[in-house]
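As given in TrEMBL:
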- H49, H114, D204, H208: Mn(2+) binding site (BINDING)
- 26-121: domain 'Manganese/iron superoxide dismutase N-terminal' (DOMAIN)
- 135-236: domain 'Manganese/iron superoxide dismutase C-terminal' (DOMAIN)
- 1-21: signal peptide (SIGNAL)
Amino acid sequence: MLNIIIIIITFFLITIDYVDSQTELTLPTLPYAYNALEPVLSEYLMRLHHDKHFQMYTNKSNIILKKMFTDTQSDNKLKEIVKQPIEIILTQLEYLPHQYQLSLRYNGGGYFNHKLFFSMLKTPTSTVDENKPIGPLLEAIEKNFGSFDKFKQLFSSASYEFFGSGWIWLYIDAQTKRLILNFTVNQDNPIMYDKNHIILLCIDLWEHAYYPVYENRRNEYIENFWRIINWSFVNQLYIEGQIKRSDL
Ligand SMILES: [Fe+2]
């Protein structure tokens, strides 16, 4: 009987702890081996990028989320926000107190962006031309940009011309419903500007994403990026976006 009481109490304590705590992010394992993207991205680079940089964004986000949740100055609305998934929290940054806002924008954005980026890569094809989008996504790209080659040219040009640390994105614009190419600086991303944007593709243009392999030859990294895009995954994002947004 005593054992049953202890089990029940433990269950309630775990439940209370689960409900009454902030979101805690975990570092996702790569969906492929560390050396799977060679020679485009080396094992050394992937270990550094994933195990050090991505891990750092994860750890720092967790520290900020916990601080916000335990801060005696935090009101109930804020405590409710920090219990949400990170993709929701990032759409509500304006509600966060100033002392947390910038650091969560940077580290939480870093977490979200890298989670997505590493998910949309795969073993490289031998040539750039062998790797092409499929299905409804290809149709949407052709409709919005004229052809896949034209889109590739625009995405690459935007990447070549970008200065500093940041990202280039392809997403479905929340207002126009069209596919849009755009950039963000630092670890910003499109959903921070409109929660209804649907992100499809991104390239990490931070030095840490290419320097160990390409050093100052960033354009070569951008050219080779086309060999490692997992178009099946990106097509799936497009299809899920259509389901989520019935107005698209
Ligand atoms: Fe990165």
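Backbone N, Cα and C define each Cβ position, glycine as well.
Long-range C-beta contacts of H208 (Mn(2+) binding site), restricted to its own chain and to partners at least six residues apart, with a cutoff below 8 Å, comprise L48, H49, H53. When the domain 'Manganese/iron superoxide dismutase N-terminal' (26-121) is classified with DSSP, helix, strand and coil residues number 66 helix, 1 strand, 29 coil.
For the domain 'Manganese/iron superoxide dismutase C-terminal' (135-236), DSSP puts the residue distribution at 49 helix, 22 strand, 31 coil. Of the chain residues outside the Mn(2+) site list H49, H114, D204, H208, H50, H53, F54, F117, W206, A209 have their Cβ within 8 Å of the site's Cβ mean position. Just so you know, the Cβ of H49 (Mn(2+) binding site) picks up 23 other Cβ atoms within 10 Å once every protein chain is counted.
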